[in-house]
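Here is the structure we will look at, set down as structure tokens.
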């Protein structure tokens, strides 16, 4: 007797796995900052390991991968490549994990829906508007409750969220599979990093375990598995819902930072995390009310057809 997941169930599983992997990503950035690892070293782990693993696939399909419109290629490279990573790593040196893990995936759903509305006139149902409003309120709570010196890190996090929203929409509209998107981001990003090694060699770290954990969390977890899971979730659940589910990341990351790194969480932070959880549920509600055979109850028909084709 064989057991197979429906496309929707596999999408939900991929989205939840992405939350866990993203939480590890934010923790690894904070650990890297505490160990005085420069962003360049973390970026090499983040993109170098998946690039080596995906290089044969990228080379074999390079013509097809680069046949999509240039705007989608650039949006994916910026949205999940070096610019996104640099903003996230820089912000994590200036602000705690709870701030970064909340502001990046927390504001991404707002930006995805706003860009979708402005560029493609995509609908935003009442349930999602209510959920996004709570997410916006949670974001404002974090911004206003933080210490005055955190604003630079918060600006970096908001910039990274905008780039991630561009990546989210580019994956959906490009028609690429999860593996395609991961390869298209990892290999060119790693190639762009190589020249920097000529004038800025990697630092030496006394404990080899630090490199091991960073390689697992950054290279394998965030660099490969999270990209595959998130791209699959986008194709099966839709961009808005996948981005909204990603807003659960702050809760997981903040709890792990509290347990493992000893970071303190103030009452406003707990309030913001609670608002995020409720907002995520409401923003995802249209998917639960959709018909069993649909990809997303609120996606335009043309996008549903494209997503269904990719899943099949």
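Just so you know, glycine gets a Cβ as well, placed from its N, Cα and C.
For 13-142, 153-284, the entry in TrEMBL reads domain 'EamA'. The transmembrane segment feature in TrEMBL is assigned to 12-29, 41-59, 71-89, 101-120, 151-171, 178-199, 211-231, 243-261, 267-288.
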Which of 101-120, 151-171, 178-199 contacts the transmembrane segment (71-89) most, counting Cβ pairs under 8 Å: 151-171
Interface present between the transmembrane segment (101-120) and the transmembrane segment (211-231) (three or more C-beta pairs under 8 A): no
Paired segments the transmembrane segment (41-59) and the transmembrane segment (151-171) in contact, 3+ CB pairs under 8 A: no
Helix, strand and coil residues within the domain 'EamA' (13-142) as assigned by DSSP: 113 helix, 0 strand, 17 coil
Distal contacts, the transmembrane segment (243-261) - CB-CB under 8 A, six or more residues away: 15-16, 18-20, 22-23, 26-27, 30-31, 96-98, 101-102, 105-106, 108-109, 112, 128, 131-132, 135, 164-165, 168, 230, 233, 237, 269, 272-273, 276-277, 279-280, 283-284
Other parts of the chain folded back onto the transmembrane segment (151-171), taken as Cβ under 8 Å at six or more residues beyond its ends: 71-72, 75-76, 78-80, 83-84, 87-88, 90-95, 99-100, 103-108, 111-112, 115-116, 119, 142-143, 181, 185, 231, 234-235, 239, 242-243
Whole-number mean of pLDDT values that fall within the domain 'EamA' (13-142): 87
Residue distribution over DSSP helix, strand and coil in the domain 'EamA' (153-284): 114 helix, 0 strand, 18 coil
